Every structure is written in structure tokens, then in C-alpha cells.
Amino acid sequence: MLVAAFFTLFLVTCQPAVTAQEKVNQRVNRAATPRAFDCQLSSWSEWTDCFPCQDTKYRHRSLLQPNKFGGTICSGDIWDRASCYSPTACLRPAQCGQDFQCKETGRCLKRHLVCNGENDCLDGSDEDNCEDIRATESDCAQYDPIPGSEKAALGYNILTQEEAQSVYDARYYGGRCETVYNGEWRHVRYDPVCERLHHGEDDKYFRKPYNFLKYHFEARADTGISFELYVDGNDLFSKVKNDKSHSAGVTISAGLTGSPLLGTVGVSGSEDASFLNKLSQYNEKKYNFMRIFTKVQTAHFKMRRDDIVLDEGMLQALVELPEQYNYGMYSKFINDYGTHYITSGSMGGTYEYILVLNTEKMESLGVTSEDISSCFGGFGEIQYEKGKINAQGILSGKHCKKSGSGDKEADKMGQAVKDIISRVRGGSSGWGGGLSQNGSATTYRFWGRSLKYNPVVIDFEMQPIHEVLLHTNLGHVEAKRQNLRRALDQYLMEFNACRCGPCFNNGKPILEGTSCRCQCSLGLQGPACEQTEQQGAKADGHWSCWGSWSPCTAGTRERRRECNNPAPQNGGAPCPGWRVQTQAC
């Protein structure tokens, strides 16, 4: 009897301890896991003819099915190129009439731009063999181009929400010497190389490229410093994505794409995918996220609407597109130069970083989020009030430092911060990079000053890429414009995260390359976030992909999508935007 009792006690006391994760697994509702889908690519298309000016030929294949829910991934790219030999000489068709034609790209120039001392052709052929060079009026070479002009000239991909190659030629002036007055040129500037203060005499005027209709410097103005606390990294990611969508003058969730994140095949990762991967490292209940954000505007611009001069790289790629529709070549063009181009916007920079807070450490140290908000953010003496951080007067930066030199309170708060994710855009690389390492008021102040001369585009309006062809002086491009429009519809569908669903319980569908995954919130498991601890929790709906266009009737056609990818559950929000889209035809 004693032996039996001892053996029973041994069984009870000597079983392996149940971990916290195993306890969670025991509570999780075991919903049915969706069937895995393997990635499928189409067969390669036939090679194109050899392009004589490139000695290159192309082929492509389509993404028939991205892998999802643990399916087998695809290897390789969807575009391919190979060297070739063409017996045809590289000759640009004469299409400029009495005007000058650039040798490499075929750009047409008025005769007064030839031998004017400026390279209006990328290859400089307009300045070859010049006996008499006519200098541009007022010797405009002394002026630097307006800050940020190269950034505004870039295309934009609304799927990845990233910049593409140049659409406008930001180096073309058309023989004009139009300058923009910088009202802050008298202000004292700091030269970090020489470590001295000086007046910016050289920055009194900047030269405006031809494709810019307007450019106006503005006194630095920020949007105020916002302070946001998130329990779930997915909610933080959605907020960041929505802010980017609104900055781009389009609400992605209500438009053609209807997806939180889409990655383009052929692009080696995206900024947002990298950010999400960092957040995923802290997908545990003990971590919260503090977002500190401000946007600084330094200039406003508007691009020329008509007679746009395209970047010569884009012009050359456009010339080489076939007249007959070839989705592979047109989709590669879109992937290179963007789905859209910028028509107007604002220059400046954004200062944003995410503090990963260890709530268990905070509780043991007696530290609150309000305490931490007064220490971090790169602004020094900042006061927290009603969910906002407000800079008061001159920011001294003496209130708190993470690496507190003898400051016990600062050290305590620093211990509560597990990680800092920096997302600074704009400004000189030295000061911008320094913000993530040194959050002093001096560093922030000089970063803000450097934005005037090293800005990025922070808010902008845009148009579909095929529309730019309507506003150039190029002839005989209507067939290619229609092909580009058709390819854009197909491209937006092929690389759309709607193909990745359904992700249940507010999981986020993500398409990276040819692979889908669902980013799950806290307490969710499974490849489709289908396993949850909470019964009856609200889950928002997500759109299916758009269906095919209907036949053209009375000058219009339509297509539909359904809010079933998945449908809303337990009172969750319906899908935003329209179920039916109409288009002139």
C-alpha cells in the first residue's frame, strides 16, 4: 500500500512542468486549418526579338497562384533577359523633323538648345562639334537645382508604397533660367564639416527644372509631435500603412488594391516588410509599442501638366515597348517606373520611431508610459499631456537619456525599453542617422535644418502611369498608352494581397514576392490566424479580388468584388469602399 501511494505521488510530482505556451495552446480554439496552396508559375513566354540598341531579349511568366498556408514556394524570377545579337543596326527613326534628335534616346530638341552649353541630351550629343557655344542666359550654372527635385521626379508603386525609377527628367531645363527665391537664405546655417556658422549666400536662389511648374519654399512647420501607445503590433502597422496611404493622396483599402501590404515580384524586399518583420519579433503579451511621430514640411511643389519631358531612361524604355500588347514587357515597364507618377506635393521629412516596451519590466520598476514619453523622442524636454507630446519652448535634452550618466531614473526607464525602431526620412544622412543613436535636442534641431536642403516627398497627389503619355509632346504613342493601361489593371491584380486570403480574426494578408502569409495578432495561431483564445471576438471583413470587367455596354463597363475574404464576424466592420466599380469604355 505504501509502495502504491509512493508510486502515485511520484507520477504526480515528477511529471514535466507545463510551460506557459503549452497552457495557451490548450486554451486555443482549434479551428480547421485551411488547405495549403503551392505556388504556381506559368510556362515561360517565347523570347522577344533581339533589341538592336540593347543586344538584349526578354521573356516572362505569370504568377498563377502564390503559395499560402504553408504551401511550396516558387524559385526564380518572373522576368528574364539574355544577351543576343541583332543583325539590325541600332538606328533611331527620324521623327523630329527640323528639330535636333538625341543620338541614344531619340529625344527631340529645339534648335536653340543645341550648343547652348548645357547637356539637354543625356549622351551630350547636342553639345558635340560645337564651334560657338551660346551660354545660357544669366549663367544659370551657378545655381543648384531646387532641393528634392530628383525625388519628385520618381515614379511610385502603390502596391509596395515605394519609389520607382524616374518618370520626369529632373535635369532638363529647356534652355530656361528660372530661379526660386529661398526666403531663409539670411538665416545662420551650421556647417558640420567645418564646424562653423555662416550665412547661406549661395542658397539665396535655386534653379527650377523645366518639369516643375511651381516650387515654393516654406518656413519649417511640423504637424506637432504625436504620441501613440499600441498593445498589438498589427494595430501599429495598420496605422503606419494608413498614414502612408493618405500621404500618397489615395486610400489603398478603398481603391483598386484593397490590401494592407503587397510586395512586388522582382523587388528584393520592401521597407514595410522589413518593418513588419521587426515588429513580429515582439509578438508577445509582455510587449507594448510607443510610436513618436512628427512631419516637417519645407516646400510645396506642382509639376507641369502639359508638354512633360520624360526622363531619357523612361523614354528609351517606352520606345522599345512593342505596339502589340505584350503583358510581360509592359508589366516590367510598370515594375521599373511605377504604377503612378507624382503631380504635386510637399517636401520635407518625417521623424518617427517605435519604442518596444517591456511591460513586465515597467511594472517591476514602477515606470509608466508617461515617464518614458518624457525621455524619448529625440526632443529632450518634452511634456506628456492627454495622449500627446508637446515641445515646450527651447528643447534642452537634459531631462532624460537612455544611457543615463549617473541618472538612476533614466537608467530605469532605459531598462524598460527593449528596442528602438528608427524610421527617419529626409535630412542629411549624418544628422538623420544620428537621431537613432543620439536623441538630443541639438541633433533634432540640426536634422530639421538639414531638411531644407535634403528633403523627401512627404505628401503628394498622383496619376496612373499611363496618363503621363497624354501630357507629353510625343507622337504616335496612343496604342502604347492603351496597352499600358491594360497592363496596369492586370499588374495590380497579379500582385495583390487579396490573393492571399482569407486571414481570419483580423489577421493581415501579406504578399511578398510569390509567397503569401497571414500576420497574426496576439493570441492567434495557425497559418490563417484561425486558432484563437477569444471566443466571439469581432473580426473585420476583407475584400475578395476584383472580378473580370463586364462587356462594354452604352459606353461603360463594370466589375465586382465581395466582402468575403473573410466576411465580417461577430459584429466586425464591413469592408470599406465600393463593391462595384464602373469605367468608361
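All residue numbers here begin at 1 and follow the chain in the order shown.
Every residue, even glycine, has its Cβ placed from backbone N, Cα and C.
Taken verbatim from Swiss-Prot:
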- 38-91: domain 'TSP type-1 1' (DOMAIN)
- Cys39-Cys74: disulfide bond (DISULFID)
- Trp44: C-linked glycosylation site (CARBOHYD)
- Cys50-Cys84: disulfide bond (DISULFID)
- Cys53-Cys90: disulfide bond (DISULFID)
- 94-132: domain 'LDL-receptor class A' (DOMAIN)
- Cys96-Cys108: disulfide bond (DISULFID)
- Cys115-Cys130: disulfide bond (DISULFID)
- 136-499: domain 'MACPF' (DOMAIN)
- Cys140-Cys177: disulfide bond (DISULFID)
- 248-256: transmembrane segment (TRANSMEM)
- 259-266: transmembrane segment (TRANSMEM)
- Cys375-Cys400: disulfide bond (DISULFID)
- 377-384: transmembrane segment (TRANSMEM)
- 391-396: transmembrane segment (TRANSMEM)
- Asn438: N-linked glycosylation site (CARBOHYD)
- Cys498-Cys545: disulfide bond (DISULFID)
- 499-530: domain 'EGF-like' (DOMAIN)
- Cys500-Cys516: disulfide bond (DISULFID)
- Cys503-Cys518: disulfide bond (DISULFID)
- Cys520-Cys529: disulfide bond (DISULFID)
- 540-584: domain 'TSP type-1 2' (DOMAIN)
- Trp543: C-linked glycosylation site (CARBOHYD)
- Trp546: C-linked glycosylation site (CARBOHYD)
- Trp549: C-linked glycosylation site (CARBOHYD)
- Cys563-Cys575: disulfide bond (DISULFID)
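Helix, strand and coil content of the domain 'TSP type-1 1' (38-91), in residues and according to DSSP, is 0 helix, 18 strand, 36 coil. The highest tally of CB pairs under 8 A with the domain 'EGF-like' (499-530), across 38-91, 94-132, 540-584, is held by 38-91. When the Cα atoms are compared, Cys130 (disulfide bond) and Cys90 (disulfide bond) turn out to be 25 Å apart. Under DSSP, the residues of the domain 'TSP type-1 2' (540-584) split into helix, strand and coil as follows: 0 helix, 12 strand, 33 coil. Each residue contributes its Cα atom, and for Cys53 (disulfide bond) and Cys84 (disulfide bond) those atoms are 11 Å apart. For the pair formed by Trp543 (C-linked glycosylation site) and Cys50 (disulfide bond), distance between Cα atoms is given as 42 Å, rounded to the nearest Å.
Each of the disulfide-bonded residues Cys96, Cys140 was scored by the number of other CB atoms within 10 A of its CB, and the lowest score belongs to Cys96. In three-state terms derived from DSSP, Cys500 (disulfide bond) belongs to a helical segment. Cys50 (disulfide bond) sits 36 Å from Cys545 (disulfide bond), counting Cα to Cα.
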